[in-house]
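This report refers to the structure that appears directly beneath it.
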Amino acid sequence: MEGYILSLDEGTTSARAIVFDREGNIKGIGQYEFPQYYPKPGWVEHNPMEIWDAQVRAIKTAIQKAKVEPAQIKAIGITNQRETTIVWDKNGNPLYNAIVWQCRRTAEMVEEIKREYGDLIKEKTGLIPDAYFSASKIRWLLDNVPRLREKAERGEVLFGTVDSFLIYKLTGEHVTDYSNASRTMLFNIKKLDWDEELLEIFKIPEGILPEVRESSEIYGYTRILGNEIPVSGDAGDQQAALFGQAGFETGMVKATYGTGNFILVNTGKTVRYSENLLTTIAWGLDGKVTYALEGSIFITGAAVQWLRDGIKIIKHASETEDLAEKLESNEGVYFVPAFVGLGAPYWDQFARGLIIGITRGTGREHLARATLEAIAYLTRDVIEEMEKLVGIKELRVDGGATANDFLMQFQADILNRRVVRPVVKETTALGAAYLAGLAVDYWESLEEIESLWRVEKIFEPRMDEETREKLYRGWKEAVKRAMGWAKVISS
């Protein structure tokens with residue numbers, strides 16, 4: 001009987017389940033959305049039980065659509081939105097809503113801690129202190145949910161990121177993997193353990209934390225489909241995408257084009273620090289840890305959504321490609337989509353969106369082109385930062401916006417690097433499936449996985465150097481003018 005791997009891909013707005021075969025082909029997908037809650041400005045929450053219910057429905061739909069028997073599922077892998085923080089009791093019941101990675105409620109707390117301990121935190125965790133990561137969210141819960149700290153001291157509270165919660169609901173085991181642990185701002189990425197000094201700074205009892213394991217091993221067994229199935233793969237979404245892109249060698253880099261862009265480069269067994277990028281754990285496998293540098297760009301695909309829903313100059317995201325191609329060049333129009341500040345490598349929370357260079361002749365095609373170009377410029381900003389530490393030959397891409405050929409060609413041109421789009425676009429779920437399959441010998445080795453990675457299209461750079469650098473200089477100038485704007489208007 002043919003065997004398959006089930007991958008659970010738990011995102012920020014939906015829970016998905018995908019069944020993969022031995023060649024990495026998709027046999028069936030289930031996907032269900034769940035709501036986000038905004039109790040106060042800047043606060044973002046999920047109901048963990050709504051995530052769980054959506055995930056269970058997605059699993060059942062994927063199995064049904066794949067037309068496979070539960071007994072044919074050889075292992076389950078999990079990948080997840082990272083940093084989102086959940087606390088629950090030993091019966092698996094949540095004790096508060098999940099505090100989502102986007103939530104800014106702890107920004108002031110983190111600013112205070114950063115002033116005193118910023119360098120220490122970066123040295124130990126690889127992260128630039130921010131409300132984005134789990135540590136301050138856990139502290140907020142312990143300080144604000146009635147009796148939670150008291151219960152935690154009695155050993156009645158469990159914390160985890162979403163992967164950890166799902167593994168607990170599936171198997172009863174309280175574990176996470178290295179990649180997810182490295183996003184909590186509590187995990188020492190050199191010692192590979194929870195850091196006592198950081199736990200003290202954030203006033204978090206160690207007893208609530210999950211055991212940290214490799215990204216590919218059997219964590220426990222589940223009977224979600226009736227029969228016993230090992231849960232044996234776990235990685236945060238961006239790390240899973242790098243694994244799914246077979247980015248196993250030092251210097252291999254992937255960019256995921258979603259609401260924002262996330263760019264990860266494999267730095268091998270070495271912990272490398274960059275002033276403007278995050279250092280993170282890519283995965284733990286066969287007793288070895290692989291590290292990565294990460295650049296997070298907050299707004300990319302969301303800028304295209306704004307063209308559609310905000311100023312309503314397009315009906316569908318795909319229209320931007322045709323509009324952009326109506327022009328020979330950007331005609332001096334730049335758009336810096338700093339709607340929520342700028343992420344890597346600028347880290348300016350006071351930057352705001354800017355459109356510059358418009359004239360009476362500027363039309364919607366200019367705005368569409370400037371938006372797509374901005375995504376490519378922002379990606380180059382991060383890759384230039386990475387290249388200071390590690391050589392990069394090509395960019396492997398995934399995510400919704402990679403279907404846009406204009407964007408992919410412009411990306412290759414502005415980077416002066418080959419851009420490679422794979423056949424299977426679901427690289428995040430595929431990465432989790434590979435990790436799960438390796439643990440149960442469904443796949444034998446990284447070499448076998450590498451041989452399954454297939455190219456759909458390669459975009460070679462075609463732009464001359466003078467044009468490329470002139471365009472990029474214009475971009476850098478536009479960014480300068482967008483930076484700090486929120487401070488200017490509030491002073």
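Every residue, even glycine, has its Cβ placed from backbone N, Cα and C.
These come from Swiss-Prot:
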BINDING   Thr12, Arg82, Glu83, Tyr132, Asp237  sn-glycerol 3-phosphate binding site
BINDING   Thr12, Thr13, Ser14, Thr259, Gly301, Gln305, Gly400  ATP binding site
BINDING   Thr12, Arg16, Thr259, Gly301, Gly400, Asn404  ADP binding site
BINDING   Arg82, Glu83, Tyr132, Asp237, Gln238  glycerol binding site
Rounded to the nearest Å - Cα separation of Gly400 (ATP binding site) and Glu83 (sn-glycerol 3-phosphate binding site) = 22
Neighbouring CB atoms within 10 angstroms of the CB of Arg16 (ADP binding site), all protein chains considered, total 24
For the binding-site residues listed here (Thr12, Thr13, Gln238, Thr259, Asn404), which one has the lowest count of neighbouring CB atoms within 10 Å of its own CB?
-> Thr13
If you measure from the Cα of Asn404 (ADP binding site), which of the binding-site residues Thr12, Glu83, Asp237, Gly301, Gln305 is the nearest?
-> Gly301
Provide, as an integer number of angstrom, the distance between the C-alpha atoms of Asp237 (sn-glycerol 3-phosphate binding site) and Thr259 (ATP binding site).
-> 14
Compute the C-alpha separation of Gln305 (ATP binding site) from Tyr132 (sn-glycerol 3-phosphate binding site), stating it in Å without decimals.
-> 23
Sequence-ordered list of residues in the chain of Glu83 (sn-glycerol 3-phosphate binding site) that lie 6 or more positions away and have a Cβ within less than 8 Å of its Cβ, or none, is Trp101, Tyr132, Phe133, Ser134, Lys137, Thr161, Arg183, Thr184
Which of the binding-site residues Thr13, Ser14, Arg16, Arg82, Thr259 has its Cα nearest to the Cα of Gln238 (glycerol binding site)?
-> Arg82
When you look at Thr12, Arg16, Thr259, Gly301, Gly400, Asn404, which the record names as binding ADP, what is the longest CA to CA distance in angstrom?
-> 23
